[in-house]
Amino acid sequence: MMFRLTSVGCFLLAIVLLNVAVLTNASCRNEGAMCSFGFQCCKKKCCMSHCTDFCRNPGKRAHGHGLLRFWGQR
């Protein structure tokens, strides 16, 4: 009888844990959705109030001016 109660308890615990896992993943936001924090997004990246794979910094281009100035001083 004890074995039956233990296995039923484990089975119910497994169902509860699976439901928690499904609910946790269902609450995340897809790419392009509005966000305030990274944990709200499925990919854990909130950039400029939108869920995204990576952040782009408009207006900041990668220039080698600093490197060229460094080599020019030598």
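Note: Cβ is positioned from N, Cα and C throughout, glycine not excepted.
The signal peptide annotation in Swiss-Prot covers 1-26 and rests on similarity to another entry.
In the shown protein chains, 15 other C-beta atoms lie within 10 A of the C-beta of Cys28 (disulfide bond). Residues or ranges marked as disulfide bond by Swiss-Prot on the basis of similarity to another entry: Cys28-Cys42 (among others).
Look at Cys47 (disulfide bond): DSSP puts it in a strand. When other Cβ atoms within 10 Å of the Cβ of Cys47 (disulfide bond) are tallied across all protein chains shown, the result is 15. According to Swiss-Prot, the feature disulfide bond maps to Cys35-Cys47 (among others).
As annotated by Swiss-Prot, disulfide bond applies to Cys41-Cys51 (among others), with the evidence given as similarity to another entry. The secondary structure of Cys41 (disulfide bond), as reduced to three states from DSSP, is extended strand. The number of other CB atoms found within 10 A of the CB of Cys41 (disulfide bond), across every protein chain shown, is 21.
Within 10 Å of the C-beta atom of Cys55 (disulfide bond) sit 10 other C-beta atoms, taking all shown protein chains into account. As annotated by Swiss-Prot, disulfide bond applies to Cys46-Cys55 (among others), with the evidence given as similarity to another entry.
Look at Swiss-Prot and you will find Pro58 tagged as proline amide, backed by similarity to another entry.
Using Cα positions, the member of the disulfide-bonded residues Cys28, Cys41, Cys55 nearest to Cys47 (disulfide bond) is identified as Cys55. Taking CA atoms as the reference points, Cys51 (disulfide bond) and Cys35 (disulfide bond) are 6 Å apart.
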